[in-house]
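As structure tokens, the structure follows; a few thoughts come after it.
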Amino acid sequence: MLDELDKKIIVIMQEDFPLVAEPYREIAERLGIHEDELLGRLKEYRQSGKIRKMGAVLRHREVGYAANALCAWIVPEERIVEIGKMLAKDAVVSHCYARISQPGWPYNFYTMLHAHTRKDCKVLAEDIAKRTGLQEYVMLFSTKEWKKISMQYFKD
Amino acid sequence: MLTAFDKSLLNIIQTDLSFEKRPFALVAKKLETTETIVIERLKFLKEQGFIRRIGPFFDSTKLGYIGTLVALEVKKEYLAQVAGVINSYYGVTHNYEREADLNLWFTLLSPNLLKQDEILETIRNLDGVVRLLNLPATQKFKVSVQFSLT
């Protein structure tokens with residue numbers, strides 16, 4: 001379980017990461033703990049999967065991926081794992097989830113596609129449809145980003 | 001504009017920052033350059049807006065949170081108002097208008113199911129909300145936004 005120090009570390013790691021030679025020493029000083037204690041716990045979070053990855057989040061528009069499309073698919077229940085594993089390996093798929101469907105909304109599988117243009121997104125989706133044999137899908141293009149932030153855990 | 005060096009730096013830095021004393025020195029070694037150049041270039045790329053943030057990607061479930069995707073059909077004239085209310089919840093990280101009958105889609109992270117249902121109930125009853133579909137995940141196959149820059 002997470003103790004109070006874990007939560008403090010998680011909160012501070014969500015703030016601006018110091019771009020200096022020894023960033024963890026600086027963060028540890030602000031926390032009032034030793035650098036080794038901080039690095040030890042961060043490594044444990046990664047081993048236990050609490051941290052999936054450590055690195056930079058890019059602004060996709062600026063790096064040329066202006067179009068993104070959430071695709072909702074109808075996948076037969078018995079094929080979900082097979083298709084999920086297959087598409088997870090696909091570089092153009094950034095998010096891939098099975099979700100419950102709802103009355104009037106039969107779609108139960110979602111892929112997030114990023115590409116340079118909307119047309120490219122359509123081509124990518126058609127290619128996925130061909131490779132998986134899935135015919136029923138809908139492309140949900142975003143027209144306005146009302147909010148996009150990284151989650152601030154344990155801030156309340 | 002991104003130079004070839006920037007692109008290779010960005011390709012590495014999206015995933016491979018390590019929990020070691022001098023993480024940028026390790027990146028510099030991979031790029032056969034110096035730690036100072038890596039740090040200066042990252043500052044530049046952040047100031048220019050290519051990099052949104054540098055830090056850890058947490059697994060919300062492993063931190064004890066529950067998450068869901070919610071789709072709404074909102075009457076056009078109420079959209080801005082409803083989007084504003086949705087944005088006010090700190091657990092809402094993504095809120096997008098999309099071209100479909102279900103025209104507003106957001107993700108919500110909550111400390112527990114009770115809190116999630118309270119929030120969804122409030123949103124469901126806002127003026128202009130025609131339909132709200134709660135679409136929690138049953139299986140996660142991939143969560144990793146990574147742009148390979150060529």
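Including glycine, each Cβ sits where the backbone N, Cα and C put it.
Keep in mind that TrEMBL annotations are predicted by a computer and have not been checked by a curator.
For reference, TrEMBL has these:
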- A:6-52: domain 'Siroheme decarboxylase NirL-like HTH' (DOMAIN)
- A:63-147: domain 'Siroheme decarboxylase AsnC-like ligand binding' (DOMAIN)
Margin query: Within the domain 'Siroheme decarboxylase AsnC-like ligand binding' (A:63-147), count helix residues (DSSP H, G, I), strand residues (E, B) and coil residues, in that order.
Written below: 27 helix, 34 strand, 24 coil
Next item on the list: Average the per-residue pLDDT over the domain 'Siroheme decarboxylase NirL-like HTH' (A:6-52) and send me the rounded value.
Entry: 96
